[in-house]
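Enquirer: Take a look at the following structure, please.
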């Protein structure tokens, strides 16, 4: 990783830590996600994001990050602490206890693991100790968990909602009598997943590059559930005429009649300007027409409308991703990476993660190639030689490093640095450079000479 990207990772991590300290959990998750996109093998970033996800009551995602932490760094006790904590919040106490014990094998004196194990074991009161018997609404930290979730935080402001929670705390069997969607959403939060979103997830077309959304989605999320819904129409019910125009636009899109599709999407927007899907679909059409500037502009409008009207985060992520792909088509890879990372901060779509990884590698390779300059390489080599003659081997190595970056196919540079490494007693690195030397120019006997010398010295110094 380049020093510039490493600095970005450290800065994003620090910003995430600050957000976590101030209980801005979603911002913390966003910053850690952006850092992970730059450094996907950094176990600390996954651990930190797992902590933030746990605080945000997104327990299944927290568990996934904890598993990734352990996968990357299996000898790090904190990864087991993160996983055990997530499992406890999911009421999977037997698994949690097992995980805490695994962590204690690595660090027997770890207080967090000990406390976690004690807590998990105390909750194992089900048949044969396999599952806890309990009421999820009676959890001692229920209010803290509901405050941490953006949806339920708003619900807590409504007196009738608080009353229902109190009733369920006293009598969980009364759950069957509640048909209020807020309670269904609350149960999902307490169990660690979004029940409201499952159907939408299943219907998402994950193979589509730019296909307009087919399903009708509410343009807003209403917090007015305390009203009598049988006597009034909710404010977030989709405008039927707008939906009809959208369907006509979708049909035109399928026939590749893009101009007609745009006409219908514009009519839908006019009828219901708060629905993000109409602009998302319009942006998809522009993408297919290769009008990438218009695609980006329309996607930006969709993002702003979505945020203003509290649209589903996956729809916002889709708009960000489409803008990112449009920037890729324009070969503006830096802007593309920025938008795609923003998309991942809204929703971790595996397809977008793969695109980000490939794009990041391409950007780094482009930067490497752009940096090549044989003339500047020669200048750095000359400085390295001067320092080598003076016996200042650390500075000599520094300039040979620069020379190699500027001209990585010059075998002589690796020969010079190999000589420098032998003076610094870094024999493994010297061997590596000598090997590279021979790979680039196997006919030059001078490089083979260094190979023999390094092996001989290594034999005499290492036991």
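Yeah, the Cβs are placed from backbone N, Cα and C, and that goes for glycine too.
TrEMBL feature annotations, pasted as is:
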- 200-209: compositional bias 'Basic and acidic residues' (COMPBIAS)
- 140-192: domain 'STI1/HOP DP' (DOMAIN)
- 118-137: region 'Disordered' (REGION)
- 200-251: region 'Disordered' (REGION)
- 9-42: repeat 'TPR' (REPEAT)
- 77-110: repeat 'TPR' (REPEAT)
- 242-275: repeat 'TPR' (REPEAT)
- 377-410: repeat 'TPR' (REPEAT)
- 411-444: repeat 'TPR' (REPEAT)
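Structural setting of the listed features?
Expert: Sequence-remote contacts of a segment are chain residues at least 6 beyond its ends whose Cβ falls under 8 Å from one of its Cβ atoms, and for the repeat 'TPR' (9-42) they are 1, 48-49, 51-53, 55-56, 58, 72, 148, 150, 337, 340-342, 344-345, 348, 353, 356-357, 360.
If you average pLDDT over the repeat 'TPR' (77-110) in this model, you get 88.
Within its own chain, the repeat 'TPR' (377-410) is flanked in space by residues 368, 371, 416-417, 419-421, 423-424, 440, which lie at least six positions past its ends and keep a Cβ under 8 Å from the stretch.
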